[in-house]
Amino acid sequence: MNYSIMRQKFTVPQKFFCHFYALAVIWTTFLLLATWLYAYNMALLVSQPLHFSSITSYLMGGSHSFWLHGSPSMKIEQRYRCWVSIFLLLLMEAQVLRRLYETIYVFKYSPSARMHIFGYFTGLFFYTAAPLSLCCNYMSEVFLFASNLIQELIVKGKDRMQFGEYSWWGFVSPLLKLKWHAWLGAAIFLWGSVHQHRCHAILGLVRDNLEQIEDYIIPYGDWFKYVSSPHYLAEIVIYGGLLVAGGCSDITLWLLFGFVVANLVFAAAETHRWYLRKFDNYPRERFAIIPSFY
């Protein structure tokens with residue numbers, strides 16, 4: 001009994017999953033806006049004329065009117081990669097917003113459902129690190145840019161700051177110049193997102209039924225036809241889409257994808273074994289997470 005009480009002390013309610021996605025929405029939104037504003041001012045894909053006085057003023061810590069001309073030292077490939085990071089952050093924003101919605105309105109967590117405190121802090125860490133990994137190559141410049149902007153706002157005030165003319169088309173048009181792999185990755189991402197939402201809806205209905213019956217029931221439909229944890233499979237597809245959209249050349253994205261795959265394959269294997277122990281009539285054609293393989 002004492003052991004059971006001790007274990008209970010190191011757990012939190014499963015409904016705290018919403019903390020992961022609330023944090024992720026706030027953090028991803030900040031990174032997206034900061035990186036987008038930085039790229040618009042410092043990483044234009046179309047070169048513009050520069051003025052020596054503006055460059056000197058910027059390097060000496062003066063007026064930031066130079067921002068609107070872009071950085072003279074940033075190569076076109078670096079600028080392109082910066083806009084790819086914005087594209088990846090947009091996809092991540094869509095992902096975490098959907099997950100937050102599903103956690104609040106689709107899933108029905110039982111009051112007795114708990115998760116280990118270690119898993120809780122791991123989730124908080126992951127949803128802090130994952131969005132950051134999508135734009136980490138530019139974070140030092142982005143944070144410097146944002147801090148300078150905030151300092152100038154505090155010192156001069158909004159009315160006295162020098163702003164150029166901003167164009168909404170200027171914010172969007174560089175994204176239309178991304179290469180084919182960005183759009184292929186977005187299509188894979190969307191495919192995984194649609195199926196994950198469907199599988200989460202099925203699991204939500206199963207949890208609704210648990211309030212009316214005494215025992216757990218086997219979920220059916222969508223990718224449940226093939227695997228026991230199709231929502232995990234969809235998560236792998238989603239992060240695979242991010243990897244493809246990034247061009248499969250960034251080691252940070254490979255590490256993020258590898259972590260997601262390793263974590264979800266292990267969790268899916270445990271879930272599959274539980275299903276097999278729980279139900280004598282469990283569909284034997286289902287695999288744990290990868291159809292026809294594992």
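Every residue gets a Cβ built from N, Cα and C, even glycine.
Per TrEMBL, transmembrane segment is recorded for 20-38 (among others).
Marked as transmembrane segment by TrEMBL: 50-68 (among others).
For the transmembrane segment (80-97), the list of distant contacts is 21, 24-25, 28-29, 31-32, 35-36, 38-39, 43, 45, 127, 130-131, 134-135, 137-138, 174-175, 177-178, 182, 185-186, 189, 193, 238, 241-242, 245-247: same-chain residues at least six beyond its ends, Cβ to Cβ under 8 Å. The transmembrane segment annotation in TrEMBL covers 80-97 (among others).
The transmembrane segment feature in TrEMBL is assigned to 117-145 (among others).
If you look up TrEMBL, you'll see 166-191 (among others) marked as transmembrane segment.
Confidence across the domain '3-oxo-5-alpha-steroid 4-dehydrogenase C-terminal' (168-294), taken as the mean pLDDT and rounded to a whole number, stands at 91. TrEMBL lists 168-294 with the feature domain '3-oxo-5-alpha-steroid 4-dehydrogenase C-terminal'.
The transmembrane segment annotation in TrEMBL covers 251-269 (among others).
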Same-chain residue ranges lying at least 6 outside the transmembrane segment (117-145) that approach it to Cβ under 8 Å:
10-12, 16-17, 19-21, 23-24, 27-28, 31, 34-35, 37-38, 41-42, 67, 81-82, 85-86, 88-89, 92, 96, 242, 246, 250, 252-253, 255-256, 259
For the domain '3-oxo-5-alpha-steroid 4-dehydrogenase C-terminal' (168-294), the number of residues DSSP places in helix, strand and coil:
89 helix, 2 strand, 36 coil
Residue list, the transmembrane segment (251-269) vs rest of chain: Cβ under 8 Å, 6 or more residues beyond ends.
126, 129-130, 133-134, 136-137, 227-229, 232-233, 235-236, 239-240, 242-243, 288-290, 294
